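**Student:** From Swiss-Prot, for reference:
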BINDING   Gly59, Ile111, Glu112, Arg124  S-adenosyl-L-methionine binding site
Amino acid sequence: MNNANFEKYVDLVFEANKNFNLTGFKTKEAIYQNLVIEILTLFKGYEKFFIDKTVADLGSGNGSPGIILKLLFQKIKKLVLIDSKHKKISFLNKLTKQLNLEKTVAICERIEVHKNHYDVICSRGLSTIIKVNDLAFSLLNSKGIIFHIKQSLDQYIEFEKSNQKNQFNLLFIKHFTSQNKKLILIALQKND
């Protein structure tokens, strides 16, 4: 893990955020805390889920969590950053180039064409757990894992009440509190 790369990531997001909305965080300190430190803390100790895996970050936007995970777990086989906004994809391509991230691509296309393609999917702010699971189910390989980053368990409780609970097994839930902000990492594994 190279701290200089995380600092470079923060600088690039900060500068690009002046021109178009990548994040609501307006200072380098806030970007570092919320887009880097939180991801490093939430995923600490979970490298085994990423080694030699094909990973997708749905709704990647500013590159967190995907790029942060690629910097943290350099043995990710391939990282695909997916977003529906061309401007954000252009930024992500520039970001991956400036950070010298190999086997990392940013795409702006219908994600449905990627059936059974990913071992791991990450989602932070894209949508509800149920909606992201709907998208992710056909994208994941057999026994693939999806990581949801949320601020409460409300959406997980709704997921538990839904028919989707038969499609995914809960691997774990990890809680993290930082600066009066609560985050939850929910890991679900596809049932086949």
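In case you wondered, yes, glycine gets a Cβ from its N, Cα and C as well.
How buried are the listed features, and what sits near them?
**Tutor:** When secondary structure is read from DSSP and collapsed to three states, Glu112 (S-adenosyl-L-methionine binding site) falls in the helix class. The local packing around Glu112 (S-adenosyl-L-methionine binding site), expressed as other Cβ atoms within 10 Å of its Cβ over all shown chains, amounts to 9.
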**Student:** Which residues, sitting 6 or more apart from Gly59 (S-adenosyl-L-methionine binding site) on the same chain, put a CB under 8 Å from its CB?
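**Tutor:** Those within reach of Gly59 (S-adenosyl-L-methionine binding site), by Cβ under 8 Å and sequence separation of 6 or more, are Ile82, Asp83, Ser84, Ser123, Arg124, Gly125, Leu126, Ser127.
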